[in-house]
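Annotated features, as they stand in TrEMBL:
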type	residues	note
DOMAIN	A:26-258	domain 'Orn/DAP/Arg decarboxylase 2 N-terminal'
MOD_RES	A:LYS47	N6-(pyridoxal phosphate)lysine
ACT_SITE	A:CYS327	active site, proton donor
2 protein chains.
Amino acid sequence: MTLKISQFIADKNPATPCLIVDLDVVKQNYLTLKSSLPQAKIYYAVKANPAAPIITTLEKLGSYFDVASLGEVKSCISLGISANRLSFGNTIKPIHAIRESYKLGIRLFAFDSAEELEKIAIYAPGSKVYCRIMVVNDGADWPLSRKFGTTAEQAIHLLIDAQEKGLKPAGISFHVGSQQKTVKAYQHAITLAANIFKTLQNRNITLDFLNLGGGFPANYSDEVPSTEDFGKTISTTMKELFPKEPPHLFIEPGRSVVGNSGVVRSEVILVSQRDETGKNPRWVYLDIGRFGGLAETEGEAIRYRFETPYDNLTTGLVPCVLAGPTCDSADVMYEKNPVMLPPELKSGDKIIILATGAYVASYCSTGFNGFAPLNEYYL
Amino acid sequence: MTLKISQFIADKNPATPCLIVDLDVVKQNYLTLKSSLPQAKIYYAVKANPAAPIITTLEKLGSYFDVASLGEVKSCISLGISANRLSFGNTIKPIHAIRESYKLGIRLFAFDSAEELEKIAIYAPGSKVYCRIMVVNDGADWPLSRKFGTTAEQAIHLLIDAQEKGLKPAGISFHVGSQQKTVKAYQHAITLAANIFKTLQNRNITLDFLNLGGGFPANYSDEVPSTEDFGKTISTTMKELFPKEPPHLFIEPGRSVVGNSGVVRSEVILVSQRDETGKNPRWVYLDIGRFGGLAETEGEAIRYRFETPYDNLTTGLVPCVLAGPTCDSADVMYEKNPVMLPPELKSGDKIIILATGAYVASYCSTGFNGFAPLNEYYL
């Protein structure tokens with residue numbers, strides 16, 4: 001937790017649950033990424049945290065933006081972002097979203113199937129398109145392999161087709177999986193992409209860019225490689241595989257820009273030791289859970305870290321199952337792998353959930369069980 | 001789909017995705033439940049669908065209401081429901097929620113732990129309390145066993161304690177799991193509860209009611225026992241186990257009141273046959289998915305049924321993986337068990353997802369990936 005956030009909490013005692021983000025950390029993360037891969041255009045993945053203060057902070061630093069829907073296109077444009085700084089990166093777009101975003105000036109679209117290409121050719125004629133390929137997601141906490149991307153063979157075929165349909169075949173993209181912790185994942189994927197570049201070159205199609213997607217990890221609880229390590233591996237691999245006239249590089253970081261910039265402040269609602277023997281973990285219920293924003297704890301995938309009022313006082317930690325406040329029994333965050341928390345913890349205590357700047361506020365349900373969406377503060 | 005809903009769609013062509021509910025079906029479901037268990041007080045589980053038109057429709061029929069949060073307490077009271085028709089059924093309540101709802105006149109609270117009982121005694125003195133016990137959830141599509149409820153022994157101990165703390169020990173509740181398809185689940189649970197009633201009677205504590213919870217199933221795709229079957233089994237079991245002076249019966253139906261009352265209208269965004277061999281299922285992407293309201297497809301638990309424009313035309317069905325519109329690869333509804341859909345289906349087509357009146361609108365995210373919450377229509 002940064003000094004700015006802890007002072008805000010001390011001064012304002014904001015009602016729980018709430019998300020508090022330090023924009024200085026967002027800035028710092030952006031600048032670190034930029035200096036680790038100076039040759040790359042950064043397209044911030046708006047879905048990670050679409051709040052206006054984050055978008056405008058990044059815009060001032062020169063960021064481009066990866067958008068997932070017409071809603072995100074409109075909200076960026078309403079914040080004064082020029083349409084040519086936006087890439088519509090979702091490969092699954094409703095027809096009206098393509099048509100409307102084309103009217104708003106968007107000229108860069110992702111696709112990974114013949115039907116989507118057809119839609120773009122009709123509703124966004126002459127636009128630049130890039131094809132998403134499927135790569136292996138080993139090493140990612142939140143793997144992505146099933147839903148998106150096509151094969152290298154199919155990508156070549158579709159990009160040739162794109163040109164025939166009057167579109168501009170512009171690039172290849174992939175995604176190594178969110179919260180990717182293995183630098184090698186990029187080496188494999190770049191190699192696959194380089195082969196596509198070469199094959200198309202032989203057909204007189206010169207692609208303009210390689211989009212490395214996102215996946216750079218935020219620091220939740222395991223040790224992760226540094227942004228600099230990712231940058232070095234990527235630069236070295238690019239030099240090897242594209243010895244002359246390398247394509248432009250795009251990256252689409254989301255979590256690595258905002259993940260560690262924010263914390264959730266939450267209240268402990270109940271602590272219950274169910275069995276009289278005390279052998280089983282106690283249950284700790286918070287006022288935020290899977291339906292209040294911590295959706296990424298599904299399958300216990302993302303493991304957050306916690307700060308409690310007893311961290312400097314306690315004599316030992318006890319295993320706790322952590323659950324949310326709703327009547328839904330699926331609203332349990334950590335049960336198979338309980339969280340170690342101080343035995344002093346009781347209802348009414350406030351706790352801090354660290355590194356919750358990404359994928360929290362927007363995942364929150366509109367009002368499941370009558371709980372209002374959490375408040376957000378950007379400092 | 002009812003005639004009223006299909007006429008509304010034909011007349012208004014409402015933008016997708018949207019939820020359309022026929023309030024006559026809600027009424028009919030309530031009346032069927034009431035006649036199947038005439039001796040029971042019906043506490044509608046507001047969380048299943050908290051929309052004002054549903055609450056007011058049920059209020060006119062004499063319904064009581066089970067609320068899960070201070071938010072639900074306030075929204076019921078703002079709709080003119082008297083506080084003595086509300087039961088605060090969530091066993092995990094923030095202190096301020098107990099205090100505020102007590103101020104608003106709520107005098108009936110659930111609990112299942114010593115700490116919660118203590119909070120109720122302090123912040124809602126003199127209230128009636130009922131203890132939730134844990135029962136086996138075999139036969140339920142959405143089982144609930146882990147998070148809530150205590151043992152029979154502990155329940156006895158806590159209810160005696162409640163009296164000592166100045167509260168009124170009023171009843172026992174359990175929940176057999178949502179979308180429970182086995183009538184026997186109730187027999188087992190009522191037997192367990194009856195033993196608690198007897199033990200407490202010997203200690204001169206006479207509980208007033210037995211709360212059977214919810215769990216009555218809506219008809220999604222499997223055959224389920226009728227409400228009348230559930231009613232008969234419950235009545236017979238109650239007569240056997242409480243031969244004289246039976247306690248009052250409460251039930252907390254949610255899904256069985258609203259589940260089949262509504263449909264979601266959705267647009268097909270993309271159909272993609274990924275492999276050139278055509279051996280694997282094709283992928284069908286809709287403009288609603290797990291983060292737009294169909295959260296209960298998690299783990300492919302709840303299997304919805306579909307109507308397409310080709311249902312009367314098609315010569316055969318093909319297996320399809322069904323996914324939502326977001327960039328999140330977890331936003332896949334049915335993959336292990338694909339859905340059989342007409343091969344003619346293409347992007348731009350509208351499809352109907354049946355029996356989506358429960359747990360859809362409120363599960364919807366506030367704006368994940370920039371998608372606005374779905375519109376709702378109550379006819």
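Cβ coordinates are placed from backbone N, Cα and C, and glycine is handled just like the others.
It is 28 Å from the Cα atom of the residue listed as 'active site, proton donor' to that of the residue listed as 'N6-(pyridoxal phosphate)lysine'. Long-range neighbours of the residue listed as 'N6-(pyridoxal phosphate)lysine' (same chain, six or more residues apart, CB within less than 8 Å of its CB): A:ALA68, A:GLU72, A:GLY254, A:TYR359, A:SER362.
In the structure as shown, the Cβ atom of the residue listed as 'active site, proton donor' sits within 10 Å of 27 other Cβ atoms. Under the three-state DSSP scheme, the residue listed as 'active site, proton donor' falls in the coil class.
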